[in-house]
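Listed features, source TrEMBL:
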COMPBIAS  1-10  compositional bias 'Basic and acidic residues'
COMPBIAS  18-28  compositional bias 'Low complexity'
DOMAIN    230-383  domain 'Nephrocystin 3-like N-terminal'
REGION    1-34  region 'Disordered'
REPEAT    755-796  repeat 'WD'
REPEAT    798-839  repeat 'WD'
REPEAT    841-882  repeat 'WD'
REPEAT    884-916  repeat 'WD'
REPEAT    927-968  repeat 'WD'
REPEAT    1012-1053  repeat 'WD'
REPEAT    1097-1138  repeat 'WD'
REPEAT    1269-1310  repeat 'WD'
REPEAT    1362-1403  repeat 'WD'
REPEAT    1491-1532  repeat 'WD'
REPEAT    1577-1618  repeat 'WD'
REPEAT    1620-1652  repeat 'WD'
Amino acid sequence: MSARKSDKPKKLLTTVNSSGYPYPGRSSSSKRDPVYDTANTVLDVVANIAEGSDILAPLKAACRTTKAILETIQGIENNQEEWTDLVRRLKEYMSALEKQIAIFESYPQEDRAVDKAFRQPLIHYVKYLEGIHDMAIELNQKRNRKLGFLKAFSKVKVDAEQIRKLNRDMEDQHSQFMEALALFTGMHVQAIKRTVNASTILQLPTITFVASSVHNTCLDGTRKDVLQMIWDWADRDSSEKPIFWLCDIAGSGKSTVAMSTVENWRRKGALGGAFFFSMSSSEASTTEKFCSTIARDLVYYIPQLAPHIAEGIKRNPSIMRSSFLEQFQTLVIDPLNLQQERVILVLDALDECRSASQRRELVQTISTAVRGSKNLKIFMTSRPDPVIQAVLGSLSIKSKLEDRLHDVSHRDNVDDIAVYIHRTLDGVLPEDKRQRLIEKANGLFIWASTACRMLTNETTLNTPENTYDQLVSLDRPGAIDEVYRLVLERIDADSRRVMCQMLAMVLVAFEPLTVDDLDDRLKLAGIQGSGKALVQNLGSVLSVDPRTNLIQFRHPTLVEYLRRCSVPTVNNRHNVFIDVANAHGQAALWCLKRLRSPTDGLKFNVCQIESSFYLNRQLPDLEARVSKFISKRLRYASSHWLFHVSETSDNWRRAFKSELLWIIQSPYVFYWMEILSFTGGVLRAIAGLQAAIGQAGFEEDIIGRIIEIRRFLIVFSVPIQDSAPHIYISALPFTPTNSILHRLEETYPVLPRTLQGHKGRVHAVAFSPDGSRIVSGSEDSTIRQWDAETGKPLGRPLRSHERSVNAVAFSPTGSQFVSGSSDNTIRLWDTSSGQLLGEPLQGHEASVITVAFSPDGSRIASGSDDSVIRLWDANTGHHLGDPLRGHGGSVLALAFSPDGSRIVSSSGDRTVRLWDPNIGRGLGTIFESDSAIVCAVAYSPDGSRIASGSEDSLVRLWDANSGLLLGVPFQPHFYCIYAITFSPDGSRIVTGSHDYTLGLLDANTGQLIAMLRGHEGRVVAVGYSPDGSRIISGSWDTTIRLWDADTGQPLGTLNSHQYGVAAVTFSPDGERILSGSRDKTLRLWDTATGQPLGESLQGHEDPILALAFSPDGSRIVSGSQDNTIRLWDANKGQQLGESLLGHKMPITAVAFSPDGSQIVSGSDDNTIQLWDAQVGQPLGEPLKGHEGSVLAIAFSPDGSQIISGSSDKTIRLWDALTGQPLSEPLRGHEGEVSAVGFSPDGSQIVSGSSDHTIRLWDTATGEPLGIPLRGHTSSVTAVGFSPDGSQVVSGSIDHTIRKWSAYTGQQLGQPLRGHDDAVWAVAFSPDGSLIVSGAEDGTIRLWDAKIGLWDAKIGPMLGWPLHGHTSYVCAVTFSPDSSRIASSSFDKTILLWDAETEQPLGEALRGHQSYVYSVAFSPDGLQVVSCSEDTTIRLWDAMTGRQLGRPLRGHTSSVYTVAFSPDGSQIVSGSSDRTVRLWDAKTGQSLGKPLRGHTDLILSVSFSPGNSHIVSGSCDKTIRIWDADTGWPLDAPLREHFLPINDVAFSQDGSRIVSCSDTRALILWDTMTRRRLGEELFGHHSSVHAVAFSPDSSRIVSGSSDCTIRLWDAKSGEPLGEPVRGHEDWVSSVVFSPDGSRVASGSRDTTIRLWETSGGCRSNLVA
């Protein structure tokens, strides 16, 4: 292809954001406009910003770029209002930037240094401006070429709406820029920038509600007395009254006073932060972002606190998921405790926090905080509120000023309103009338301000006098509702209904709407109204923030008035009805449409995250990505659609059923969750789903789906909130396989779970060096090769060995592989042909167990049951020297070092030996065991280490040079390890074991990363793919399995058609997919859901080879191997008329003409036939010319030409009207032409051929464009252009789909892999966003056309249990501060764990000689106590792991249970000797005599919280309560269980006991009365082994041998949610963390798991 040069400036190579505006990367231009050159001189600075460190660089670049944009667009002659607004906005931005530059230019250079965290948002903003500048230049130049502005504007598709979007976009970008700048400024004032990671602070979420957009400060001279009282309170050093509560009625001016206090204390340096609650904003009406907003304010106003706040976030990165109390303590109180000067926090309108429980919690928290702080003061305002009063009422720490702002008995209130009215209405009304209004206001400021705005409103047709008359005629002085009614009644009757509809839309919005947002909703709802007109006409009660364009209610009393107007009345004489339900329905539909938008809606990997290794908060540019890729409208829709759906009517819910079904289906529900993850909306979504569940009007199927989605979000909320990619890699794999959410797998192709074909045990597997093949050897005496991408067998089994094949290995080049067998021989094979190479290598006298190639491929080493190792020449097959002798038993494994200088081997003689293969001598024994055979050995990739796996289930690491053991052995399995290997990068080890599992280990720490489960027999062979992405395993269950090496998850796939899919295409609207198969059927599919639409279309008697939609999507044409063409109704799925007969051989291609009037077909009979699409009759004679089968055919876009491709290797062009050939055949392919297509503009042709290439041709000349496109490794079977003509997609027999640039011919990205067989058909969706493919494997796959599939090489998976113990876990417990976990096990050890990182702390605590049954922390967390089968109790230092003193001896049999007293002074224990003993925790001495009474072994003991009582549970089926001081039993034993008592626990107040037993029941007891409370708690299906109360005693957790954990309501006894599953054996221990947020469980499956508990029974695996 040739490239044309242009005189005009080239457009930037851009990435388009969600609003459609460019983020550039620059391309050069040979000729530019002078404006462009001048601007570029300025913009060249941008390239150096990333390298520089001076804050002035991005500031000046932004300023100059803004100026350049301004100069450019001012040259465009247009009076469009939106354009003028943009100019105004740019001037404001430039002014702000110039002020900042002036400030920073006064700084010394060293104080202007900016680090990477600050630099990121600054660079992003400058680059954004650069893109806008280029767009403006293009517009200007088109005008200069005399195209006229409006014409030029239409050329680049920029209309008024897009300018408004640009306005919004620039505001968003600018605000982020200024926020980062403000943080930089504040921190630099204190010269602390080098100690704080700014991204840590910036990750804290803040509310977007800006108080100054709604509230003003008090007028000068007003509220003097009230303000003076507040100033006096603030200035008093005494901390007796640290809270000032200004309490007054609505509209009295509290927020105005609050704004004045903020401004005053800000100037004085006393302000710490402010939070203005607002009922009109969803986020400003809750406390969810209260602490983080205040923390961000503290950093801004008191920058020296920044390091301390950052440190708190660093200690708890998930602080926003912590309790409100913990957030406030960490983010506010702890930093403030380091501040000496007074700090005042302002909290306005607490009553507008919608949740009473949140209000209570907030007030309780701040009242507790101020009592513990000497310098913190709180100024708060609210209406009279019983919740706030209940908390603060009796406290002496507050100063309360009540009803002071509106009471007319205070003359200054009337005087202040008089000042306001006189100033505002001077010149509008005479003084006497102003005085009359002052009286009418009755001391209520909101009445006065609203009346004044009505009188000064310039948009109304009413005169001030007329308005005045209406105001003074109102019945009740100060009644604001009457004023609002008057405002609305003044709208003419014809417009009032539309006004009410618009007000309803604004009212129900969960966040303030911009004027443009409202207009967009009105347009969708079909309402003929204007947001701008609404605000102009109702300016007295509505306002628009000029910076954000947000519509605001001027006061919450209006919100309340409108809500009262939403209740229909019998006689609504004012005709003001606000239909809230209808408005919610309109908003819900708008949200659902936004989510489904093909341009700005949901999409996979919405923020284009390149790797899932980092958590969201670890992405330095996350905020910029979210701003760029998630528009504000999409964010709103994602956050609030569920609540709108819940609040509307059943009729509305039925109306948008199809849109609702779309969002709750895979994969779109996961795309929605991505946005929730990035925007912090997971918890709100859970609440929204619950709200939707409770609504009528939904079918059961929809409710079921919503319930399942909610469960999914609850269970996996932690990984989803932490990382969007982990929706797919951590959450989805743990979802029940029958879940609707698993249907995502139909979109994401994966490998078969098992490679099946061998008839006997698989003994050996290996990847080829290029990763494309797998070879396996089996007990069935055969060798098989497999395609590593598809899992399909390559050729027939290789048979030559006479007995079991025990070992296989590829040569380094992959051209050969070697096998060893129980027939005592070794054989060499050609990889490609599967042919034997030469004669068998003979010399061993017994079975060959192991083989390996040397790294240079010149030698083969083999080990045998004859105890020797032999070396062979890989080229000749001859022996090299004498056998290597030294082992006294079978040689089970061997490996060459990476440099080939050594061999390591292991043997049945229990030794590991090193050998020098060059001289044929042993280098000594590096390991010898008394008992365990070493079954497997491997070298690390760098040759520095050797790993071994042995019969004792241990992995050992050795220094390869010294032969010394490195560290302690690892124990990933219970039984013998048969196979071991390192990952290619040496960071991991994978093992295969007798216990049917694979172990994935960290090669440096030995930490178990994952247990890979799936085989049903011993795993005797393992290997890594060369790129480290996959693991392969072979098992005695006769199968081979493939695993994701990062996550440990098995790889698998799904099917659709019964046989190969030969053709697929999209419907013209992109909403359906049509497929045709060799199973003789056609199927229609829903593009959004991937689900089949109706039954398959049946009628053809042979495989379907070709199909097409009519241009209007109403009909389908299909061609078949049965020689017929059939027409179908695409909506009903019925055949239309008779089959079209005429071809004498199979129909290979069909197409509709662009106008739908004709059909063209191609056939194996070498002819092309045109048909009348209406009547099905042939049009004229067949078109003849090809000398072979016509394999492909297409109409040109204008319908004038037909193109065909043939097995005769040519392409022909035909006149569609005459049927005559146009020009000579197009020649160039060296094989049959199997696919052809026109570009969208008809100027190019694309073709694909069996010669493995794709070619592009010039339609007019028939000449090839450029060279063939090469990349496929087999025949190209399908090609197609993207809708914009920029790309070509191709499918091939090589199983891949590839994308190409139609301009350069370069391949775009990696091949799309997933099909298991030849790809026969590919097509772009009409909008170009998707690619559909059909293949011989019977599947249809959808691909994201931009990114293909998410890279499978991703970070470690969340949700794995804590592995470390090698046998049953008997007990788990949290440290008192929740930071650590202690566990004990049948493996005789105690382990300590970091509860946040889930990593073990140090080595296992060893000392007990048998099973360790129980473990407990001391109350101060400094000690751990344990007890054991060995009859002893031991104390340990919880910090160092060192044993403290001697074991505590006294029990004469196994000690099953142990606990500290709450004060830490005593230890209690229970034993199978039937006694309970008390011990002095300090000296270890026994206290008094044993407590006797039980008649069988004691399994559980516990102290009451007050140290006064002890409870014990026994196998004698009784519970006993003892006096802890005297040791006497209190009353008779508690008898209700009829089987052994497994566990007992006190509630935190000591008033209740819970017990569990083998009866499957839990029982609650009253401690004082010793009576059972209520009925038994049933829910488990087997014995209950462990119980515990939550710290607040409201919940109980239980663990059972049914492998589940349950949560219970401790008051009602009702189960909370479903049983939580995860353990694979019975649960032996459960415990709440001291803060109640998590449960730890231990199990006989050897693991410990951590579970989130908030919000009911949530089972987020964070271990």
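Cβ coordinates come from backbone N, Cα and C, glycine included.
Note that this is a predicted model, so its numbers are computed, not measured.
Under the criterion of 3 or more C-beta pairs below 8 Å, with sequence separation of 6 or more, the repeat 'WD' (755-796) and the repeat 'WD' (1012-1053) qualify as touching. Counting residues 6+ beyond its ends, the repeat 'WD' (1577-1618) has Cβ neighbours under 8 Å at 711, 1539, 1542-1549, 1552, 1554-1564, 1624-1632, 1634-1636, 1639, 1641, 1643, 1651, 1653, 1656-1659 in the same chain. Residues 1, 787, 789-790, 1231, 1234-1241, 1244, 1246-1256, 1316-1324, 1326-1328, 1331, 1333, 1335, 1343, 1345, 1347-1348 of the same chain lie 6 or more positions beyond the ends of the repeat 'WD' (1269-1310) yet place their CB under 8 Å from a CB of it.
Take the repeat 'WD' (927-968) and the stretches 884-916, 1362-1403, 1491-1532, 1620-1652: counting Cβ pairs under 8 Å, 884-916 has the most. Broken down by DSSP into helix, strand and coil, the repeat 'WD' (1620-1652) contains 0 helix, 19 strand, 14 coil. Secondary structure of the repeat 'WD' (1362-1403) per DSSP, as helix, strand and coil residue counts: 0 helix, 20 strand, 22 coil. Within the chain, the repeat 'WD' (1362-1403) has long-range Cβ neighbours (under 8 A, six or more residues past its boundaries) at 953, 968, 971-972, 974, 1007-1008, 1011, 1409-1417, 1419-1421, 1424, 1426, 1428, 1436, 1438, 1440-1441, 1625, 1628-1635, 1637-1638, 1640-1644, 1646-1650, 1662-1663. Residues of the same chain lying 6 or more positions beyond the ends of the repeat 'WD' (1620-1652) and with a Cβ under 8 Å from any Cβ of it are 322-323, 326, 717-718, 974, 1361-1378, 1381, 1383, 1385, 1393, 1395, 1398, 1582-1583, 1585-1592, 1595, 1597-1607, 1658-1663.
Mapped onto DSSP classes, the repeat 'WD' (927-968) shows 0 helix, 20 strand, 22 coil. Long-range neighbours of the repeat 'WD' (884-916) within the same chain, counting only residues 6 or more positions beyond its ends whose Cβ lies under 8 Å from a Cβ of the stretch, are 846, 849-850, 852-856, 859, 861-871, 922-939, 941-943, 946, 948, 950, 958, 960, 963. With DSSP classes pooled into helix, strand and coil, the tally for the repeat 'WD' (1097-1138) is 0 helix, 20 strand, 22 coil.
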